[in-house]
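**Student:** Have a look at this one before I ask anything.
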């Protein structure tokens, strides 16, 4: 099987063309491939499939390193767009794809960045899903013998965002896994630790569902900005500084889609016998 290794700000992917190759990935195989000592090593596996709708260009599938399939990955979406153009699967700059959660438009810009229409953030608890009686801007949770204030949103996948004074000293390693599997998140969640530098700039670390802390999480950056705007903390255009680098997020508010812009890097091509 041929594959490419790619990354978006250090969030790394194994990307496989299932348009011209006949492939099947079991959870066991994905876990073996994800092993950084015995396999290829990656945060997520991205699979390019033929479209299910003639109006679309491709179907986009995402699997975490633990073998679970998820509906959204923003950094992966940028790498997906770069991959299908590099491999000659399309020459379009606006690439329309379906996911398990709906549809997305991926745009390769003139300066070789990728701009992703991530859709409108959904704050309804049932959409996340999150166990709550009604939608709130801020929720109170108990975890690890602490009282935690957080915002909750779906970006096609579940996110919990906590504001911290300094991301460098945030309890990502201890609080992240506890909140990820908290009983109020029946499908688990991605946990973002957000430091507001100013209204146009945040710093962010994300403990990803099924992957642990990564160098960057695109949907996590989108979620943090959406929650920050909803809570009145942030402007409509925000620079997000992650351990792996910078993303630019823009959202005009309810009724509008949120846009993420950032790089996608091809590292190498490989071949593996399954």
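Residue numbering: from 1, along the chain as shown.
Note: Cβ is positioned from N, Cα and C throughout, glycine not excepted.
If you look up Swiss-Prot, you'll see 73 marked as active site, proton donor, on the strength of sequence analysis. Here Swiss-Prot flags 217 as active site, proton acceptor. Feature annotation from Swiss-Prot assigns substrate binding site to 11, 44, 64, 74, 75, 157, 190, 208, 209, 218, 219; the stated evidence is sequence analysis. The site 'Important for dimerization' annotation in Swiss-Prot covers 268.
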**Student:** What's the most sparsely packed of the binding-site residues 64, 75, 190, 219, counting other C-beta atoms within 10 A?
**Tutor:** 64
**Student:** Cβ within 8 angstroms of the Cβ centroid of 11, 44, 64, 74, 75, 157, 190, 208, 209, 218, 219: which residues besides those meet this for the substrate site?
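**Tutor:** The answer, listed by sequence position, is 43, 62, 70, 72, 73, 76, 206, 211, 214, 217, 220.
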**Student:** Specify the secondary structure state of residue 268 (site 'Important for dimerization') as given by DSSP, simplified to three classes.
**Tutor:** strand
**Student:** When you rank 73, 217, 268 by Cα distance to residue 11 (substrate binding site), which of the recorded positions ends up on top as the closest?
**Tutor:** 217
**Student:** Cα-Cα, whole number of Å: residue 268 (site 'Important for dimerization') versus residue 75 (substrate binding site)?
**Tutor:** 17
**Student:** Around residue 268 (site 'Important for dimerization'), how many other C-beta atoms are within 10 angstroms of its C-beta?
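**Tutor:** A 10 Å sphere around the Cβ of residue 268 (site 'Important for dimerization') contains 8 other Cβ atoms.
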**Student:** Would you mind checking how many other C-beta atoms are within 10 angstroms of the C-beta on residue 73 (active site, proton donor)?
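**Tutor:** Neighbour count, Cβ to Cβ under the 10 Å cut-off: 30.
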